[in-house]
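Trainee: Pulled these from Swiss-Prot:
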- 75, 76, 77, 78, 97: substrate binding site (BINDING)
- 98: divalent metal cation binding site (BINDING)
């Protein structure tokens, strides 16, 4: 499905919240959307690895990495696993790496920046809790839509207007 966030904002002004303009598109999909799954971790992508190995059909993984710019929470190998398991995309409040490969992967990826160093792997983090960044709170089970215009969230699923 192709989403256009300005059209969704116009059609559903009472439902959508717009994430502050701080994320950039790194994935092979320019637009993506789905039900939110949340994860909170700081400079440790162990739980990201676990989640992308699960079925992600119709889902978007929202990763609150604390805004760290000191390591990447997603690279080409995990992105490939996410695409293989049907994830629509990932939104990362942190960094990614292997950006040339990410751009060729059939996956939506929005993140703060690229950084070549990988994260630690200590198994530290939390799943399925509300996470807040970019001026909005992402809640598990709600919906996220993203394109090159930005990222929006809604408590219920949205359909593109005719």
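Heads up, the Cβ atoms here are built off N, Cα and C, so glycines get one too.
Can you tell me where each of these features sits in this structure?
Mentor: Every protein chain considered, the tally of other Cβ atoms within 10 Å of the Cβ of residue 78 (substrate binding site) stands at 22.
Under DSSP, residue 98 (divalent metal cation binding site) is assigned to coil, being neither helix nor strand in the three-state scheme. In sequence order, 72, 75, 76, 77, 79 are the residues near residue 98 (divalent metal cation binding site), counting only same-chain partners six or more apart with C-beta under 8 A.
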Trainee: Could you list the residues of the same chain, at least six apart in sequence, whose Cβ is under 8 A from the Cβ of residue 97 (substrate binding site)?
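Mentor: In sequence order, the residues whose Cβ lies under 8 Å from that of residue 97 (substrate binding site) (at least 6 apart) are 72, 74, 75, 76, 114, 115, 116, 117, 118.
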